[in-house]
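Participant: In case it helps, Swiss-Prot gives these features for our protein:
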ACT_SITE  HIS176  active site, proton donor/acceptor
ACT_SITE  ASP248  active site, nucleophile
BINDING   ASP62, ARG70, ARG133, LYS163, HIS164  substrate binding site
SITE      ASP174  site 'Important for catalytic activity'
Amino acid sequence: MSTLLIDLKGKELEQEEVELLSHPLVAGLILFTRNFEDREQIQELIRSVRQRVKKPLLITVDQEGGRVQRFRDGFTMLPSMQAFQETLSATEQVSFAKEAGWQMAAEMIALDIDLSFAPVLDLGHECRAIGDRSFSSDVKSAVNLAINFIDGMHQAGMASTGKHFPGHGHVLADSHLETPYDDRTKDEIFGCDLQPFQQLIAQNKLDAIMPAHVIYSQCDSQPASGSEYWLKEILRKKLNFQGTIFSDDLGMKGAGVMGNFVERSKKALNAGCDLLLLCNEREGVIQVVDNLKLAKNQPHFMARQARLQNLFKRRVIDWNDLVSDLRWKLNYRNLADIQIRWLDIQAAKK
């Protein structure tokens, strides 16, 4: 049973990485800026992975837009999600959100990448980890923009991933650096932060969800990424979510309360995660592949494997054909203009 997504050290594939990626526990990989030099190089790296690892791998990236865009040179400057509401009219917002989703997904698929973890469904912009990665502080606006962004992704042939369930926007701490605590009541969380996830699930827009490394102390003592309450009781049963549940990166400091890397992996799986990200911790990856034991014949593991198959890209796009497309050309200019205007607005406030 494949469950781990791991990372690569650099711009070329190492033999140790071929062996790790070939391990039965490993389902795929996530790419970072350190793996990228230019488009030709990243395409060659992906081609090497596909050829040298003799099984289908889910290749992923965080190419959200704004400050979270791993590949820049030679790619569209994608706007931060907040930029749509801050720089455009109501009609333009939904139109360009859809185009941004399509543009991002089409460019990644043309590299032979299956999935970009997007969109961010957190509300508000105060959290250091989120900031302008979120669409809005308003539920209705965030949902409307997210629907259009996802529709663009789906049109290009990419599955969507809503993050960070049930909402990371109301904590100031950064879960990359520590475990944040959200002390609001259950009613406050369910009436606000949970709403984008609940509404998008109801409209069948989300193919995958990534929970937060945040402890919601009035609801459960575990981070959502390791919480049966959030993942089994709320996400699966109450919201009837049928898609894939990714853990956020188990190498992050916010996951540290769940123990060592093997313990974190076990807790996330037992809580209900299907696929586990473990990045920037090569020794941790080795510990997990050596010590995590999974039973292949259990029904919920079989369901996890079936859900994994729905995440692979749904079409093939040739890069040269893409950049010759008028839609891509118009988006390349217009989306960059939106981000430049947003950066100018931010600079003027300083």
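Cβ coordinates come from backbone N, Cα and C, glycine included.
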Participant: Just counting, how many other CB atoms are there within 10 A of the CB of ASP62 (substrate binding site)?
Facilitator: 20
Participant: Here are some binding-site residues: ARG70, HIS164. Which one has the most Cβ atoms within 10 Å of its Cβ?
Facilitator: HIS164
Participant: Distance check, please: Cα of ARG70 (substrate binding site) against Cα of the residue listed as 'active site, nucleophile', rounded to an integer number of angstrom.
Facilitator: 17
Participant: Can you tell me which binding-site residues out of ASP62, ARG133, LYS163 are within 10 A of the residue listed as 'active site, nucleophile' by Cα, answering none if there aren't any?
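Facilitator: Of everything listed, what lies within 10 Å of the residue listed as 'active site, nucleophile' (Cα to Cα) is LYS163.
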Participant: Which of the three DSSP states, helix, strand or coil, fits ARG70 (substrate binding site)?
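Facilitator: In the DSSP reduction, ARG70 (substrate binding site) maps to coil.
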Participant: Which ones in the same chain are close to LYS163 (substrate binding site), with CB under 8 Å and 6+ residues apart in sequence?
Facilitator: PHE117, ALA118, PRO119, VAL120, LEU121, ASP122, ILE209, MET210, PRO211, ALA212, ASP248
Participant: What is the biggest Cα to Cα gap, in Å, among ASP62, ARG70, ARG133, LYS163, HIS164, the residues listed as binding substrate?
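Facilitator: That value is 19 Å for the farthest Cα pair.
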Participant: For ARG133 (substrate binding site), which residues in the same chain are close in space, meaning a Cβ under 8 Å from its Cβ, but six or more apart along the sequence?
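Facilitator: Looking at Cβ-Cβ distances below 8 Å from ARG133 (substrate binding site), excluding near sequence neighbours, one finds GLU64, GLY66, ARG67, VAL68, SER80, MET81, GLN82, VAL120, ASP122.
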Participant: Under DSSP, is ASP62 (substrate binding site) helix, strand or coil?
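Facilitator: DSSP call for ASP62 (substrate binding site): coil, neither helix nor strand.
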Participant: Reduce the DSSP letter at ASP248 (active site, nucleophile) to three states and note it down.
Facilitator: coil
Participant: When a 10 Å sphere is centred on the Cβ of ASP248 (active site, nucleophile), how many other Cβ atoms does it contain?
Facilitator: 28
